[in-house]
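Since the structure comes first, as structure tokens, the remarks are kept for the end.
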Amino acid sequence: MRNRIEQALQQMPASFAPYLRELVLAKDFDATFSAEQYQQLLTLSGLEDADLRVALLPIAAAYSYAPISEFYVGAIVRGISGRLYLGANMEFTGAQLGQTVHAEQCAISHAWMKGEKGVADITINFSPCGHCRQFMNELTTASSLKIQLPKRAAKTLQEYLPESFGPADLGIDSGLMSPVNHGKTSDDDEELIQQALRAMNISHSPYTQNFSGVALKMRSGAIYLGAYAENAAFNPSLPPLQVALAQAMMMGESFEDIEAAALVESATGKISHLADTQATLEVINPDIPLSYLSL
């Protein structure tokens, strides 16, 4: 990953490459740009907003983990706060393809896990597939979300997904990224369980009521959280493990460094993530211990 990031930086225009390099290679870089940092990049580059976001896509794509397709896709989400979040696609050799995370899903979940309550626009290398269009239609900002592709004018999500099916069709009026706290608690004092419980309490699961969260502990001691992102069309739903793995990937972590995992989910939900979580972790490393709590 580091080599790909270096290569991407070398492609950047000289007008803003030094400043961008300083940001991206900083030890505390978290694959986001503040509104102020992005404004400085705009000033230095002299580019229009859309053109700069497209120019930055190679940085996002450099985070991709795609051992199956070797097809590296980047995405950049702008939250309603003005901060920009990078994302990339993620694949798992040995796991069924349904465990794949698309770049759009990665960038959106990245923003969500860092506290964003909505997405203003998303910039991607290639036209979003139907799966991702449906995933984005779950968002709080689905009606106004704009999609920017290289060498094209921006379009709204609804132009890419006309006559769309979404939460409202199932009687749900709160979208993905809505502020929520399910208020679940546990007396279990295991740190990773408590962290997974934090993720569970912000999860989006209006259709199955399987509120769920995952926490991953790395060898470095860092902990990454993932909340379940359910979708009205069911199949585009993003499991909590994948959300947590995306957070780790966007911080430059290696999946080989996962030391332990925890899954907390509702005991009364209509589905369970336990079997799929176990299976995916088994593919990554069969020795990763998984703590489990059903509430």
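Numbers here mean position along the shown chain, with the first residue as 1.
Every residue gets a Cβ built from N, Cα and C, even glycine.
Within 10 Å of the C-beta of Glu104 (active site, proton donor) there are 25 other C-beta atoms, taking all protein chains into account. Residues or ranges marked as active site, proton donor by Swiss-Prot on the basis of sequence analysis: Glu104.
In this structure, Met90 (substrate binding site) is part of a beta strand by DSSP. Within the same chain, the residues at least 6 positions away from Met90 (substrate binding site) whose Cβ sits under 8 Å from its Cβ are Ser64, Tyr65, Ala66, Thr100, Val101, Cys106, Gln242, Leu245, Ala246, Met249, listed in sequence order. Swiss-Prot lists Asn89, Met90, Glu91 with the feature substrate binding site, giving sequence analysis as the kind of evidence.
His102 (Zn(2+) binding site) carries neither a helix nor a strand DSSP state and counts as coil. Under the heading Zn(2+) binding site, Swiss-Prot lists His102, Cys129, Cys132, citing sequence analysis as support.
According to Swiss-Prot, the feature domain 'CMP/dCMP-type deaminase 1' maps to 48-168, an assignment based on sequence analysis. Per-residue pLDDT, averaged across the domain 'CMP/dCMP-type deaminase 1' (48-168), gives 97.
Swiss-Prot lists 187-295 with the feature domain 'CMP/dCMP-type deaminase 2'.
Checking Cα-Cα distances from Asn89 (substrate binding site) against the recorded positions (Glu104, Cys129, Cys132) with a 10 Å cut-off leaves Glu104, in sequence order. Within 8 Å of the centroid defined by the CB atoms of His102, Cys129, Cys132, the record's Zn(2+) site, lie the Cβ atoms of Ala103, Glu104, Gln105, Pro128, Gly130, His131, Arg133, Phe135, excluding the listed residues themselves.
Classification of Cys132 (Zn(2+) binding site) by DSSP places it within a helix.
Sparsest Cβ environment among the binding-site residues Asn89, Glu91, His102, Cys129, Cys132 (other Cβ atoms counted within 10 Å): Cys129. Checking each of the recorded positions His102, Glu104, Cys129, Cys132 against Glu91 (substrate binding site) by C-alpha distance, the shortest gap belongs to His102.
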